[in-house]
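Participant: Structure incoming, see below.
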Ligand code: BG6
């Protein structure tokens, strides 16, 4: 039986992700009794020690988590720190006695989960340095390695990175994290589709007109301008998070729910994406960059004025794309996908637009049938359809049936990082990206990268708006409009 008793080694322990996401996730798992025998070994170059690391993590937890002094003390007693020059293989030798000591103290049988939360330039280096000291070998307990995004910078570098990691870790030991897959509502999409008889017959080209996927953020790039400028919306959100969500919408039912069957289906979707042509990148793609504006009486900087962003940057903070999936289920159904920073709301949602009736009997403006799957915030599913407006005549009016996820949650719902960390400890890779799907996703977006590289157009949009006008025109070509969701799912009846 798999056990989640282990030592979690976090590379990049002094970084942002560690105190914002990883430590709070581990803290909550501990608080709710999901971690038993475990220790956390923070590793970075900074000269901290166990006490100073604990103090920093304690401060971070006090800022974000509901806690009591007892639980906080109990959790922090499991935290340790080892300073290592992470680009020097010899220095990793320091980890050997530290890990031995921790495994003995916590009876964790050599089980070790490495988490690479470092700059991506170290993703190829760390596995090699661990292997130099036998720290990848599974003779005494399992060894797994979590790789944060970005997994590569393009198709070629993703392949190179795979080669580097595979020299020292086998595929079953590698967990490529995409935190969108850890979101409860993304998983719920699978349950909605595959545990209800009535969606499946409709879930195809015969009944679905088009699919809209939005990953909107109201924040700008904040303190991450330096990283973001080398990445842009395409690499930061689209190639990974949104394509994974698209795959969940489009995939075939897996034969069984396990890592291989699920990921086989995801990979099949990625492989079925119709390759983007020159015409697509010129006419079915819109890139945008936000400019300064006043939002709610406050001045908001434009992207070019953000810290760490070169004044002449052409990096996109918005992208919208019309794409298609070439298979029996989806042929001819457009998928409109958009993502951006500094949009009017923080909202991630999928809208399945069903075809209208063949002939509008009651009014010219027949109500649209749509299924809105709100991933965040305010997780919900809303079905929109037409009913008779009370009174004389037969005028149809769009009404909605809403289900809010919070109504179902009678137990603690794990956040994405909590869920994924726990899964990795249990050896369940179902919700982690597999190498073939990652490569297929890079291959699909390569024409967009080439277009950017070749100086493709980046439109301006004012911060606080739904992106460039060109994005409206993109969808309007087929007589459609983007939904303009607010942060909250409004009750319509
Ligand atoms: C991260 C991106 O992967 O996802 C960020 O690097 C983005 O730029 C974030 O803000 C969005 O995640 P979430 O869970 O807040 O939607």
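Here the Cβ of each residue, glycine as well, is placed from N, Cα and C on the backbone.
Positions annotated as domain 'Glucose-6-phosphate dehydrogenase NAD-binding' by TrEMBL: 9-188. Annotation source TrEMBL lists NADP(+) binding site at 45, 149. The substrate binding site annotation in TrEMBL covers 179, 183, 217, 236, 341. TrEMBL lists 190-483 with the feature domain 'Glucose-6-phosphate dehydrogenase C-terminal'. The active site, proton acceptor feature in TrEMBL is assigned to 241.
Help me picture these features in the structure, burial and contacts included.
Facilitator: Long-range Cβ neighbours of residue 45 (NADP(+) binding site) (same chain, at least 6 residues apart, Cβ-Cβ under 8 Å): 14, 83, 84, 85, 86.
In the three-state DSSP scheme, residue 183 (substrate binding site) falls into the coil class. Taking a C-beta cut-off of under 8 angstroms and a sequence separation of 6 or more, residue 183 (substrate binding site) has the following same-chain neighbours: 375, 376, 416.
In this structure, residue 241 (active site, proton acceptor) is part of a helix by DSSP.
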Participant: Using a Cβ cut-off under 8 Å and a sequence separation of 6 or more, which residues in the same chain sit near residue 341 (substrate binding site)?
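Facilitator: Expected: 217, 219, 220, 221, 233, 290, 303, 317, 318.
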Participant: Using a 10 angstroms cut-off on Cβ to Cβ distances, just flag whichever of 217, 236 is the loneliest among these binding-site residues.
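Facilitator: Output over binding-site residues 217, 236: least Cβ neighbours within 10 Å is 217.
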Participant: If you measure every Cα to Cα distance among 179, 183, 217, 236, 341, the residues said to bind substrate, what is the biggest one in Å?
Facilitator: 20
Participant: Calculate the distance in Å between the alpha carbons (Cα) of residue 179 (substrate binding site) and residue 149 (NADP(+) binding site), and round it to a whole number.
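Facilitator: Cα to Cα, residue 179 (substrate binding site) and residue 149 (NADP(+) binding site) are separated by 9 Å.
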Participant: With respect to ligand 1, which members of the binding-site residues 45, 183, 236 satisfy a Cβ distance under 6 angstroms to one of its atoms?
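Facilitator: Only 236 qualify.
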Participant: Across all chains shown, how many C-beta atoms besides its own are within 10 angstroms of the C-beta of residue 149 (NADP(+) binding site)?
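Facilitator: So the number of other Cβ atoms within 10 Å of residue 149 (NADP(+) binding site) is 20.
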Participant: Roughly how many Å separate the Cα of residue 149 (NADP(+) binding site) from that of residue 241 (active site, proton acceptor), to the nearest whole number?
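Facilitator: Cα to Cα, residue 149 (NADP(+) binding site) and residue 241 (active site, proton acceptor) are separated by 10 Å.
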Participant: Which of the three DSSP states, helix, strand or coil, fits residue 236 (substrate binding site)?
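Facilitator: In three-state terms, residue 236 (substrate binding site) counts as helix.
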